[in-house]
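Okay, so here's the structure we're looking at.
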Amino acid sequence: MAPATRSLLRAPLLLLLLLLATSRLATGAPVANELRCQCLQTMTGVHLKNIQSLKVTPPGPHCTQTEVIATLKNGQEACLNPEAPMVQKIVQKMLKSGIRK
């Protein structure tokens with residue numbers, strides 16, 4: 001192939017790749033969601049009977065704080081304050097009963 005033809009074929013290919021890369025951002029899809037804390041605000045407690053599962057994320061490179069995320073029976077997720085005595089009791093009860101995600 002001639003060099004001029006080759007560069008004419010490259011331009012549409014590069015444009016297509018650029019469009020594909022930006023379309024993911026345009027749809028609002030999360031990009032690298034795990035690279036930051038998930039809990040921006042926390043609650044001091046929630047009633048144990050409303051919790052379906054519990055996820056405890058230790059501190060790491062993504063977030064310097066321990067995060068406790070409760071999935072409620074109505075499907076909502078709630079960030080709980082891991083320092084709150086009520087939350088610590090909930091975590092201990094869930095660990096003992098084995099209902100941990």
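Including glycine, each Cβ sits where the backbone N, Cα and C put it.
The signal peptide feature in Swiss-Prot is assigned to 1-28.
For Cys37-Cys63 (among others), the entry in Swiss-Prot reads disulfide bond. In this structure, Cys37 (disulfide bond) belongs to neither helix nor strand by DSSP; it is coil. Counting only same-chain residues at least 6 apart in sequence, those with a Cβ under 8 Å from the Cβ of Cys37 (disulfide bond) are His62, Cys63, Thr64, Gln65, Glu67.
Under the heading disulfide bond, Swiss-Prot lists Cys39-Cys79 (among others), citing similarity to another entry as support. Within 10 Å of the C-beta of Cys79 (disulfide bond) there are 16 other C-beta atoms, taking all protein chains into account.
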Cβ neighbour count (within 10 Å, all chains shown) around Cys39 (disulfide bond): 19
